[in-house]
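Asks: Pasting a structure below so you can have a look.
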Amino acid sequence: MVSYTQDTRYSPLNQEDDTFVGQQTVARSDTYAADTGNNILQEPLDNGDGQNQGNIQTCSHAVDDSEPQFTIRAVIVGLLFGTVLCFSNTYFGLQTGWISMMSLQASLVGFAVFKAVEKFLDRPLSPAENVVLQTTSVATATMPLAAGFVGVIPALAMLTPEESRGYLTNPSYIQLSLWALGVAFFGVFFAVPLRKQTIIREKLRFPSGTATAQMISVLHRLPDPTIEEEQSERGIQNSQGQQHGLRRRIPHSHIKSTVSASGAEDGIQGVEPREYQDRTNLTGGIAASSPSPTGSSIRKPSSLDELNQLDPEDRNALSSGNFDADWKNKLQSLIVSFLISGVYTLLAFIFPILSKVPIFGNPASKDWLWNFTPSLSYAGQGIIMGLPTCVWMLVGAVVGWGILSPVAKYSGWAPGPVDDWKEGSRGWILWVSLAVMIADSLVSLAVISYKEIRYRLIMVKKSSLWSKLNPKKNKNAGLQESDGLSPAPGHQAQSPQEYEEQPLSPEYRDEISFDAPDVDSKYLVPAWLTWTGLAASSLFCAGIMYYLFHVPFQASILSVIIACLMAILGVRALGETDLNPVSGIAKVSQFIFAGVLPGNLVGNIVSGAVAEAGAQQAGDLMQDLKTGHLLHASPRAQFYAQLIGSLFSAFIAAGIYKLYTTVYEIPGPQFPAPTAQVWLDMARLVNGHPLPTNVVPFAISFAALFAVLSVLKSVVISRLSKNPQNEDRKAFVNRWWPSGIAFAIGIYNTPNFTLMRVLGALLATLWIKMKAKRMLRKQQKSGSEHSTIVELRSRATVMVIIVASGFVLGEGTFSFFTLIAKAVKH
């Protein structure tokens, strides 16, 4: 998952808007026969009239006691790779505001590291250890965003003496570390009690977490965890519903595993989530027919169900022929792309002309900032974002830098140099970008809030009716009622519209169990630790705010409370759409604190930063907990990994930021820190500062336009969701509907960053199509049983993701050497 610091959180895979074309139903009414180990319980299913329908297997979600759940070696590797990502995220965050979790890449690189030294180890890396490894890595990698080192802290340094009022604006390394520690933990503790509701009861998708679980399952040769969960849950519901006369509709998002297709067409990532991927998306040929160790031939499975129903020996035989070569090929592609991008970084440092090529002519370059940066890292970012997102960024760049900037300049509204934030058109058009982001973010939050409130009212109403119809409580041992404030534990409540109530037979109304299986309590975070830690971390955060920035203690406590409340909406949005609206959450907090601390710009920015940090940290851990849930890993081990990664990164990220500010001017030509200006302008706006000349009509017009578009999108998607046959149309709307956030990013970033992203996404889209067609023709000529074009595109898409990741990591990592070289030079 990647994000913009003033944007929402994206996932690198499983994106409905970018990668959906076809779909394959994997949940069936018959028995799920895959051998998935001791976590599966078999019980007879009765259809209501005494006829046994066979065995249904239900997942107990038991943690495998034979495997270590938390190991130092996994944590160390996670910290090391997370440090690389932390440096990369700081680099790109200060350039354009781009941040990446890289959880998929962490699981792949971690697996490769342990595979390389496997002969020296007592045991290979286990899936549970890989979960801990990537959790630690993500916590370490995302601290530049959580602590505001790419937006909030630079914004404080940009305040004028009159605006700062003598408050701290240029923290030392120790002060930066204290600030990072202050915001690092309360969101993590607050996420723990949300797990039961969002992951266990409602089974929200959390597409990034699901994609990471699929990657880990492929690397460790496990059955697809999404299929196991869907069919085991279906078994629970069928056994309950058919035995007791209750029929409950399972949302289609839980019974379909999508075979990515448009991922191949439009890039890998975008702004909306896609349904679960077919396992072939990650295996890159795992289903190919290959001889077994005994020399027999295993027929290629024709569906995901057949693949997962194979005996373990057959499944291993099926995949062993290609597995080692496959993951090594992916790793080699990652390394090669990493090195190529790194070499470009060094060449661009030696020959600065490579950083900004004036392909549109010198006047356009010098006077209007239209340049082209042939950076492979930005091509990789474009591939990961996806073509639709990049297209709307390009539209924003054309409107902002090609139309509005000249209009503001020639009209005398922005008379200074174009690249001047205060007097130039760059600062002028930024207000239009900010207005669009505010409108889009607030509408998104309003839609999420409306759905949440409506959902709760529906559940309370159903619970009241249930209470009247059910005077008896817990008639049978082990049966529970719904609590009335949350969906019943056994109810998959994606949304209120997806719930279908059917008449209950009177004799069975008091005999329905709504228990949802979870891991044993010894693997859960103890309640005393959760609430004690939440209280302590909240007080610590408030104390740091008071100590460093002199925010009144009561206001500091209020900011943490607002952050926790907003984190609930952020986590729900992340689970349903893979978008964490941290931008909107921060702006809501800034609006509130404009009244609580009028005229205090430092307090306003810091309070918004606390809200953003809480929502982001809670969302990151929830994605990781979804990964662990699907792979039966210990939530407690992941919780400890998140805490360790956050603690470690508080000092690492602070040091990296301080190193950059020592060597480079921030904001400056190489690191403009555009999101810092967004933070600052928002604080000025809510505190009544005057806006540039004649920018208000343009800002209001564009804000209204994208607010209406955002509302219309929600209405259209809601209507299309009522009919499962509209999935293709829904995917198309999600994929290509105008994106306000992408449009705004295209305005506040200079065009050179956008152009290369669009080019990367476009070339990747074309390559995936051509590659899939070549593979299909090759299979047809050989006469072998061949995959569909959708499967082949999915396979090519995975390789493109890995190459794109190498491009991003290469420049981000090698920039460390250019930083050191520049420091020595000066």
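Placement of Cβ uses the backbone N, Cα and C atoms for every residue, glycine included.
TrEMBL annotations: computationally assigned, not manually curated.
Okay, so TrEMBL annotates it like this:
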REGION    38-58  region 'Disordered'
COMPBIAS  49-58  compositional bias 'Polar residues'
TRANSMEM  70-92  transmembrane segment
TRANSMEM  98-117  transmembrane segment
TRANSMEM  138-160  transmembrane segment
TRANSMEM  172-194  transmembrane segment
REGION    227-249  region 'Disordered'
COMPBIAS  234-243  compositional bias 'Polar residues'
REGION    282-309  region 'Disordered'
COMPBIAS  282-300  compositional bias 'Polar residues'
TRANSMEM  334-355  transmembrane segment
TRANSMEM  391-408  transmembrane segment
TRANSMEM  428-450  transmembrane segment
REGION    475-502  region 'Disordered'
TRANSMEM  528-549  transmembrane segment
TRANSMEM  555-575  transmembrane segment
TRANSMEM  639-660  transmembrane segment
TRANSMEM  754-772  transmembrane segment
TRANSMEM  796-821  transmembrane segment
Asks: Between the stretches 70-92, 98-117, 391-408, 428-450, which wins on the count of C-beta pairs under 8 angstroms to the transmembrane segment (796-821)?
Replies: 70-92
Asks: Cβ pairs under 8 Å with the transmembrane segment (428-450): which stretch of 391-408, 528-549, 555-575 has the most?
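Replies: If we count Cβ pairs closer than 8 Å to the transmembrane segment (428-450), 391-408 scores highest.
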Asks: Counting only pairs 6 or more apart in sequence, are there at least 3 Cβ pairs under 8 Å between the transmembrane segment (391-408) and the transmembrane segment (754-772)?
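Replies: Per Cβ check, the transmembrane segment (391-408) touches the transmembrane segment (754-772).
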Asks: Where among 138-160, 172-194, 639-660, 754-772 do we find the most Cβ pairs under 8 Å to the transmembrane segment (98-117)?
Replies: 138-160
Asks: Near the transmembrane segment (754-772), which same-chain residues lie under 8 Å Cβ to Cβ, leaving out any that are not at least 6 residues past its ends?
Replies: 263-268, 372-375, 378-383, 385-387, 389-391, 393-394, 396-397, 745-746, 789, 792-793, 795-797, 800, 804
Asks: How about long-range neighbours of the transmembrane segment (639-660): same chain, 6 or more residues beyond its ends, C-beta under 8 Å?
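Replies: For the transmembrane segment (639-660), the far contacts come to 70, 74-75, 78-79, 82-83, 86-87, 90-91, 94, 132, 135-144, 146-147, 149, 153, 172-173, 176-177, 179-181, 184-185, 188, 192, 525, 617, 620-621, 624, 666, 671, 819, 823.
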Asks: Please give the sequence-distant neighbours of the transmembrane segment (172-194): residues at least 6 beyond its ends with Cβ less than 8 Å from one of its Cβ atoms.
Replies: 143, 146-149, 153, 525, 530, 533-534, 537-538, 540-541, 543-545, 547-548, 560, 563-564, 567-568, 571, 609-610, 613-619, 621-622, 625, 635, 639, 642-643, 646-647, 649-651, 653-655, 657-658
